[in-house]
Amino acid sequence: MNQIIVIGSASTDFVVKTEKRPKKGETLIGQDFQTTFGGKGANQAVAAVRLGAKVKMIGAVGKDFYGDEIIENLSKEKIDVTNVERVPHIGTGSAHITLSEGDNSIIVIPGANNAINKKKIKPLLTTLNKEDFVILQQEIPSETVEIIIDYCFEHGIQTVLNPAPARQIAKKTIDKVTYLTPNEHEFELLFPNHSLESGLAMYPNKLLVTLGSKGVVYHNGQEQLIISGYQVNPTDTTGAGDTFNGAFVVGLMNQLSLKESIRFGNLAASLSIQKFGAQGGMPTLEELKGSDHYEKEWDFK
């Protein structure tokens, strides 16, 4: 059976809600604090599995309380965690998130996610099949990402690289990925000498730039298209991009066109931000089908 392989981070999110972000040297009284599951890799895996995909996670957590909780959570979601390694002497990765003014800012501590290195990933590559779809992010070492993309390109395995957090990526790596999904800030770092229009034109049907509530923009080889987002009142935008990426790949795996897969991802993302937590609001397929915006042509099992 075709499956989605998510190779990436699994972390704990420490989330503070406040009316405004503190200035340098300033102390503020916050409104709320919660600890939730996160990590871009784990988030994207959860987003995909809730929409009916068969999902396998490759990653690493520490041999600590947070690592135990993450493994248990992924297992409850019915994600294959056979290749999520328990790493001694390194803490589980974490993200420190500030929610303010309807948006978020995040500081990531990689922790055990950095243990997904060249030595450990190479033996696992042979478990990938041509029918699989691999999702990657940048909360694991850049060398690891490059090795995986090289292998997938050579073996005809489709890939999505969500280049977050933002860092430089070699052109040869970009050329080899099937889809690249930066947000606007990540696009500017990756293509500093290009306007959005010229950058998209360089990579038609590959480069998909997410625009938050405005949707997604890409070039289809003939013209630039914006696939509008669905307007909602957000509770917590954390994980919206991860929901989009997971749902987008589910759409592709179910033979939706690129455009319809983007729309499918946009709808899933819009539902996800109406509840608290990166994973807390990620919709199931049944919840998605209950939306007024769900399209009949998306009716897959």
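In case you wondered, yes, glycine gets a Cβ from its N, Cα and C as well.
Small disclaimer: the values here were computed from a predicted structure and weren't measured.
Residues or ranges marked as domain 'Carbohydrate kinase PfkB' in TrEMBL: 1-284.
The substrate binding site feature in TrEMBL is assigned to Ser11, Thr12, Asp13, Gly39, Lys40, Gly41, Ala42, Asn43, Glu139, Asp242. The 10 Å shell around the Cβ of Ser11 (substrate binding site) contains 29 further Cβ atoms across the protein chains shown.
As annotated by TrEMBL, ATP binding site applies to Asn183, Thr210, Leu211, Gly212, Ser213, Lys214, Gly215, Gly241, Asp242, Asn266. A C-beta separation below 8 Å, combined with a sequence spacing of at least six in one chain, links Leu211 (ATP binding site) to Asn183, Glu184, Val217, Ile226, Gly229.
DSSP classifies Asp236 (K(+) binding site) as coil under the three-state reduction. Sequence annotations record features per position, and here TrEMBL assigns K(+) binding site to Asp236, Thr238, Ser272, Lys275, Gly277.
The Cβ of Asp242 (ATP binding site) has 30 neighbouring Cβ atoms from other residues within 10 Å, across all protein chains displayed. The active site, proton acceptor annotation in TrEMBL covers Asp242.
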Which same-chain residues, if any, lie at least 6 apart from Glu139 (substrate binding site) yet have Cβ under 8 Å of it: Gly8, Ser9, Ser11, Gly39, Lys40, Gly41, Gly93, Val108, Pro110, Asn113, Ala164, Pro165
Pairwise CA distance, Thr238 (K(+) binding site) versus Asp13 (substrate binding site), rounded so that it is a whole Å: 10
Number of other Cβ atoms within 10 Å of the Cβ of Lys275 (K(+) binding site) across all protein chains: 15
Candidate nearest Ala42 (substrate binding site) in space, where candidates are the binding-site residues Asp242, Ser272, Lys275, Gly277 and distance is Cα-Cα: Asp242
